Amino acid sequence: MITPDQFCSQDMRFDYIVVGGGTAGLVVASRLSEDPEVRVGVLEAGEWHRDVEAVTVPGLTGTTLGDPNYDWRFTSVPQKYSNGRRVPQPRGKGLGGSSLINFTGLNRASAREYDAIQDLGNPGWNWQEMLKYMKKGERTQPPLEERQATAESHLLVDPDPRWHGTSGPLAKGYSTYFPALHVPIVDALESLGVKKNFEPNDGTSTVGSHTIFSSVDPQTATRSHSAAAYYEPCKDRPNLKILPGSLASRIRFRQGSHPLMAEGVEFLNAGKPYFVSAEREVILCAGAFQSPQILELSGIGKKEVLSSCGIETLFDLPGVGENLRELTYLDHPYICTVYEIDDNIETIDAAAEPAWFTQQRKLYDEEKKGYLSSNLSPLYTFLPSKAFASVEQVKRWKAQFQACLLAAPHGLKKQLAIQSKWFLEPDSSSAEGEVIPFNGYFVTPGLPIKMEPGKRYSSMLCAVMNPLSRGSVHITSSDPTAPPAIDPNCFSNALDLEMLLAVLKFAREVYETSPIRQHVVRRIMPTVEDYRTDDALKEYIKNGLGCVYHPVGTVAMMPHKDGGVVDPELRVYGTKNLRVVDASILPMQIAAHTQATVYGIAEKGADIIKETYKQTFTSCLSS
C-alpha cells in the first residue's frame, strides 16, 4: 500500500482517479491499468479486508451486515407510507464494496430490459452489448461431478458458452450445498403453474424457477468479489495505486472552465484533508447513494438542494439524486413469511447448536462442503403478474398503471410506457414478482423474532421487481462525513403495495401445496391475526418492509432534457472529464439482482474510456 502523502505527491501524477474501490471501481481500475503507460489511482473509504472469513466463507454471508467495518450502515429517512419506518440500506465498505457483503447471486434481466436502456436514448446500451461485457468478466464453472446425477431435479445445466463467459476473472458457479426443501419447493411451484427455467440468462425470459449462479468458486468454496477477482491479480502493477481509508469530500474543478474540467479530488484520510490531481479524468464509482452525494458536494446538482447546504452551484443539474427531477431512486421492496417445519430437516437454524456447527465447520475446512460452502439461497423464482394475481386483480392493476402513465411528467412517461408494455403483455418474458426460499429463520429488522431453540424453519422472501414508487438521495449538509438522506419513498404508489400483498399471498399457497406442505408444522409469520383482512396484512408488510439492496437510477443515463445526469459515454452533463460508472447510471430498475449487471457496466465503461483516448491519440497522429 501507499501513504496519503505519497499518493498525492507530484512524482505520482495519475492519469485517472477512480473514486470508490467497490464492485465497479476495481473493475475499471484494473482494466485501465492494463495499459502500462496509464497511471491509475483509486480512493476507497474502507479498508482491504483480505482473507477475512466473514467475507470469504459463503455460508457466513449476512454476518457482516450492520458491522461498520464492512457496511456503511445507511438507513432511509422515515417512510411516510410505511408507518414511519427507517428501512436499513446496507452498502459494502472496503475494497470490493458491496460485492463483499451481498448474497452472491449472479443473474441477468431479460434482453428487452437491457434494450429498454437504449430505447431511453442511450445508443450502444442494449442486450447484445451488455451480454458481451457481462460474459467478459465471468469464469463460469459447470456443476461439480458429484452433482451430475441430480442435475435435472436441482435445475443445474452445463453453462452454454453463448451465454456464459469462461475466461474472466470473476468465479461463477452453482451451489455445492442444497437445502433439503430445494426440490420440494420447486415441485410445489410447478404444481402452481410456475415452470422450471433451466436457462434464465440467455435473454429470452427470466420467468420461472431456477438455481442461481453465484459469485462463489465451487472449487475453493470461497466468495469471488471484485477485490479478489480483479485487484488481487494486478495489485503489484507499478501504474496502479490504491489508497484505503480515504473518503472523497469533493471533486475540484478548474476555475472558470466551461464545460467544467475536473482537476482532481479532495479527500479525507484519518481526518486530514488531501488533494490528488487527475491529468485525464475523474471516474466516480461510489454507488447509487454516494455518487450523487459526491456530485452535490462538488457543486453539481439541483440548485435548491445545493444552496440549502451552502454549496455554490457550478452546474445546475436537477437530475442528480432524483433522475426525473422529482422522481428517482428505485429498489426492490420485499417482505418475508416464515414457517416452522419438521425438526428432522436440516436448516441453518442448527448453526446455533455448537455440535452441529462444529461438524459443519470441519466439513468445510477439510472437504469444502456443507452449508458454509455455498449460497444460502440457491433457488430463485421470478413471476409474471398472472402467476400471483387473479384476472380481476391484473385488470384493475392495468387501469391503475395507465392512470400513472397519463399523469407522469415527460421523462418518467418514457419509462412508464416501457413498463406498461411489459405489464400489459399476458406472456411477459420479464417478471413482476419474485420469491426466494431461505433455509432457516429470516425476517426483516422491522418484524419480531419468534424462533425457538431446537426448532427448524423455512422462510420466503417476497419482492416486487418493477416498482412504480420512486424516491431520492440528497445531501443534507456540506460535511462529506454526513450520510445522505435516502428516501426510497416506498409505497408512494399504492400499486406496489397491492402487488407485494399478492406475492405474499402466493408464498402462502406455495407452503400449502404438495410436496412442501407435508413438511410444514405451522406458519409463524404473518400470524392468523395478520391474515384476518387485507388491510391487516398490509400493516404487516408496512411494519416489516425491507429493500433488496439493489438501488439504481440516482445518476441516470438519459438525455439531459429527460432528467438524465450522464450521457451514453457515462460523462456527467456540464463536464468535460468526469464520468460515473456504477449502478446509479441505470435509468430503470431491472427484474433481476444487480450484481452481474454492475460488473457488465464497469467492463463496458472501462472500454468506453479506453476508446476515448485511443481516438484522441489516433487523431493527434493523423494531424
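Don't overthink the numbers, they just go from 1 along the chain as shown.
Each Cβ is built from the backbone N, Cα and C atoms, and glycine gets one as well.
TrEMBL annotations: computationally assigned, not manually curated.
Features as listed in TrEMBL:
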ACT_SITE  HIS550  active site, proton donor
ACT_SITE  HIS593  active site, proton acceptor
DOMAIN    287-301  domain 'Glucose-methanol-choline oxidoreductase N-terminal'
Given the model, what does the mean pLDDT over the domain 'Glucose-methanol-choline oxidoreductase N-terminal' (287-301) come out as?
98
The domain 'Glucose-methanol-choline oxidoreductase N-terminal' (287-301): DSSP-derived helix, strand, coil residue counts:
11 helix, 2 strand, 2 coil
Between HIS593 (active site, proton acceptor) and HIS550 (active site, proton donor), find the distance joining the two CA atoms and give it rounded to the nearest Å.
7
Under 8 Å Cβ-Cβ from the residue listed as 'active site, proton donor', six or more apart in the same chain: what's there?
ASP331, HIS332, ALA583, GLN589, HIS593, THR594
For the residue listed as 'active site, proton acceptor', what is the tally of other C-beta atoms lying within 10 angstroms of its C-beta?
24
For HIS593 (active site, proton acceptor), the three-state class that DSSP assigns:
coil
